[in-house]
Every structure is written in structure tokens, then in C-alpha cells.
């Protein structure tokens, strides 16, 4: 992706990112009592009905709130509010869980005096427990009342589970001579794998864009960003990414033939990519971000599959944790990612260090290779030399702390 | 599988298992110097050309020794010797690695005075390093000389890498009124996943059976046994299972219409299944064997996919290590294993404890469920209630020691 190279000319990255920067949005986060202490209920509210698009988990056990959100967006592709609770996922909770999600939607709509279909709902946390509805409904009153333009940080905190930090990005771009802002916030730390595993992403913008174009853009961008991260190979029941566009920036409606479409697309993609990388870096127990770039593939699908195989390999992840330049594991993972690659033409570099050339061990300095693996961001390059297609995937190392966190998540 | 239920009537399990028990076989294991101290070179030798069959890794980076073995067996489906080294996998070693594997085969053939195509070769260990051929060739002289009927234990030791114990099974069955013996030995501990990941299996028998029937039987059995285990999702470059039949038991040639075929098949399958389970139980860092039984699937493929998804989930594996009855993770893993299952009809039991009924949380005693997860063998049952098909998969828990072992394998 050439986005970062040309980023400066296309858009500006804003330092103190806020989900509420795009015109029209307010947010809040409160402690409702789902969790013992920390913030557990948040809302993003838009002053006008915002164009909305979303991507959902492919897991068969899709949680009830996702069904409710799909129904809401399905009505007219607009949302004025999105409410989220953390601590309990409201997944595998059947009819009662579905009614609970409807009730969260209904209560929010009543508080705001809007139709229920303008409200989206999502939950994250432990699977198979029912929500303490009285606490949640009381919490909703507070969260709706407290929503304000400075509430982005509280919202970002309220959606976390095992995350160690909030994840925020903001950019601004000039579209039709108007300033358009795009901001994003995400959570996700474990149960993370391609296809929207337990992670939530929220993108707000004040651009004018219709629901169909926003949905297409979100699908395409998700494939290259959120779907290219993996922490542990587990794809969750609750994942979703939602985008809301208030349309208050005053630009001409955006679509692929709009002269600034590429600019908007790049800025939007940057927001999603940075959120995805932040999620990968904050993988449970992780100490490093791993970035795997595969090029020379004969199809994009092949490049993606191999990049994800490598970044998802427990052995590669453990080797990175130990700063052991065990490139054999990288080749091995590439090999089960796609059995039709040609082993004799593969090159592998760890950062600047060439470790495999034409499928054979290269002469290299072990200390230099190990040094690459000790960086905060570990870069692995795999050239298949078969075609022109490429892909990038992100993940993290596998550490003692991953095991520790997951051996006792509920207790 | 009903094999174990009816095992007693079909065949007998021999306590002190030896790969050399079937008539005609001798074995040995020596320290050649590939590894620093432990045994690293072994051989199984048959007094007569044994009917041979093998199954190989599907990894694109199939190691050179596997190519050489395929070539050998391809000539006439017979082997008189199989040599194995551990410590270095001779994988990703290109033309030089291929020549090294040919040289191992040639040397063994010369020492035994047999054609090279009656020798099979395999290696296991670190990827991307060349074999120290002088040490290996000297070692081969000793291993061929030392092969004897009591050499099974040394052979079993010589093929190990990060394994903590040898893995052996032996059974005997009456076929045509003759005693037929089947014995097996295996290694494998990390990089283990369906489709023959770094694991080696050797099965010897004195049954009379032609190469085609032995090959079909091995394929079918491997799908239900060795391909149903996973330790870490990594499928290796070097895996193979080989079966050798000396034909010295004097039975009428075995084939699917032979009256004792079912008996032989059950005994053969038992040997492979027990080896597979021993490999899973000895997964790197593992403290427990996990057995996942899926039934009520609409196809065998669906049942296998879901069983493997569950047993391979890092979150399920961590939860078992922590004895945390987090059944949500089991459902979640089932859901990404196959997105067309019907969530509302799924039942889950941990051993005798029903934790999910019809896709919803069941009332159960948390302590009792946790107790199940503390057993040496943890049994997870998933009923899809959609059809008649079923499958079983085996794996192990994910522990601190897995990370420790793999963060510093080479160093």
C-alpha cells in the first residue's frame, strides 16, 4: 500500500485524535455495573441522522446485538446513535439475549426521542452470560445525558475488555475545498483473527456520502485492514466495524467518480489501517507488532492467505518473542498458507536482512537478524516472485502473558 | 469410533510395545553427532523386502528426504530399510539437501547390499540447515551394524526432537488363524496440525498385504487419526507416516473382501490412533490431552472441521490449561469452524457436565465443570443435532512452557 508514502499530500494526521472531531458527533462513557469497576457502557450520538455502514463477524454464532444493528441499518442506512457495552458479549444467549439487545435499542431511542431503527447496538466481553438489564438501562440514561464533544476519551475507554490502552486515530483532508474529518476508535485484544474477530471499530466522518458508497468503501477497506490482523486465530461472535457519516462538512456527495474520491479513500483507509495495527500491537500479552508483507504473488487472495498464515503461526510468533531468527518457520508457514507456491523462487528478509534467497539460506549476520526481531515493530518481507500481487498482514508475538491472560479470563 | 469398545474381541494390546515385534524387523538408534549429545540417527531394517506405503506433508516446502522416499516407494512399493535422523530437518536446503538425502539412501543401500530404491529416508529438526554428512554417513555404518530385534527402544529415542517421551504401541490379532502383529512408533511435539505436521510415524506389521491395499488403508486411517491432531496449527515440511509389512505372518493376503479385513483394519487404526493421541498429549509444554468429539454433523468433513477448530483454538487451549469452563470459546470456535451450523440446536458437554443445551447456557455446577478440565484427559462433546456424521480430534492445552520452548528452540 502506497498510502503512507503519499499521505502528506492527501491528508493530515491529527495528533490528539477524537471520535467527536467530525462535525455533529458527541460521545460518552460511563460505569453502569456490568463490570466491577471500569467504564462499561458508551455511546456515540450524531446531531443529525448519519449515513451508516457496517461489517459483521462471519462466525455462525453471531451475537444478538449484531442482528439488531443489521436490522436498524437495513431500514434506511442511517443512525443517530450507537450504544456499546463491554464486560458481557450477550452472545449465545438466544431469544432472551435478542430481547435484551432490542431493549437497549428501544431505551436509547426513547431517551433521544428518535425511531429505534436509528440506533445501533453492540456488546463485547464474556460469551454466554445475560446482561444485567436494570443496570444497563439505568446506565443508558446517564450515557445519553452525558454525551458531549469532549466525551471521545470516555467512550474509547468504555468499550475496552482486556485491552491495555485506547486506540484512536484522526485525519483531515480537503475535499471540494472543504475540510473533511475522519476519526476512528477501536477495541480488541484477544480472539482476534481475520474476518472481524472480537474487535470493534467505529469510524466517524462529517463527509457527505450516501450509504451505498460508504458500505462499499467499508467492505473494501476492511478486507485490507481489519481482516488482515490476527492475534490468536480465534474469530469471534461479536465483531463489527461501523462507519457513520454526518454529512455536515458541506462537500459535494462523495462517490468513486468524484475528483477527490482517491483522497477520501486513502484517508479512510489510513484510519482503518492504523486502528487495525493498534489492535494487533495490543494483542493479549504482546510485546511487539509484527508486519508481514508478501509480494510477487499470482493473486491478491494468495498474497493475503500467505501473509496471514505467517503472521498467525504460533511458531513464528514465539520465535519473534524470543528474537530467534528462525526463518524456517516463516517458510513453513508460507508453505501451508498456499501449497502451490514455488519454493525455489522465494526470498525472505527480516527488516533489511536477507535470510532466504531463492528458497535457500542466505549468508547473514545472526546478530543483525536477531536485532530486527527485537524492534517494537518487526518487519518480515516475503517475495514469491511468481506474479504482481501483494498484501500486508499484522499480528503480534506470542508470550507467557497471552497464556496467563487466557488461562483465567473469567476468574 | 467404536474400535475401542470392541477392541478386546478383535485384537490384543501388547504392553511392552516394540517396533521390532512383527516378524522380520530389526532396529537401532545411535548418536552420530547431528545433535550434541542425544541419539540422532535410527534405522528400521526388514529381513525381506517389505510392502511399503507412506503419507506425506502437504506443505509446499516439502523437504528433500520426502522426495527421495517417494521415489523409492514408487519403484515397486517395497522397502528393506528406513533411516531417520533428528536434529536437522534437511528442509529448505535445495539441490544440496536433495543430494544429501540421496547420499543417505545410497550409503544405507551399500551397507546392506540392496538396491537404493529399497531404502526410505526422512529427517526432522531445524529447517534450513545442511546435514553434517560425514557424521551422518559414519553414523549410518554403526546404525546398520547395530540393528537388532531389541533395538526398538533406541530407534524410538533416536527420532525425538522436543518430545519428552518415546511413543510406542503394539497389538496382535488373529488373521486366518495366524498371529499377526502390528507395532508403531512416532515422534512429534511441536509444529503439529492436521495434514501431517512435524510428526513422524512408523508402523510395522508381519501381515501379508499388497502395496495398494496397504496404501489405501494408510490414507484412510491417517485421515481419522494423525490428521485429527493439532498442537499449534503449524503444518510442517517433513511429516510423514510410513507403514511396512514384512508378510512373514503367513496369512492369506489381506484385502477388503478378506473375512478378517475389519479385524486387521481395526487393529491398524488402533495403532495409529494411539500414536496420534500420544503425540497430542506430548505437545510442547502440554499438561493435558484434549479430546473433542463432534456428532450430529451433516457431513464427516463438517464434523472434522469443527472438531479441529475447537481443539486448535488458542483460547480453548488456554482455558483448559487454566481449568476455566469457558464454554463460550468452544461455541465460538465451532462457529468459525463451519459457518453453516445452526446455533440453536447445539449441545456441549464437558465430560459428563452439560454446559450448553440448544445453544443456550445450561444450569451446571461450575466446580464440577472445572474438575473435568483438570483431568489428564479432557473430554469435550459437541452435538450439532443436524445429521448423522461424527469425528474426533485430539490436542493439548496451551501453557507457558509452549512459549518458552518455542521462543528459544534453536538457541
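Note that Cβ sites are derived from N, Cα and C of the backbone, with glycine treated the same way.
The annotation active site, nucleophile is assigned in TrEMBL to B:198.
Residue B:161 (substrate binding site) falls outside any helix or strand according to DSSP and counts as coil. For residue B:161 (substrate binding site), other Cβ atoms within 10 Å of its Cβ number 22. Residues annotated as substrate binding site in TrEMBL: B:161, B:187, B:198, B:284, B:406, B:411.
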* Please work out the number of neighbouring Cβ atoms within 10 Å of the Cβ of residue B:187 (substrate binding site), leaving out its own Cβ. => 27
* Structure fact -> After the CB under 8 A filter against chain A, the remaining binding-site residues out of B:161, B:187, B:284 are none
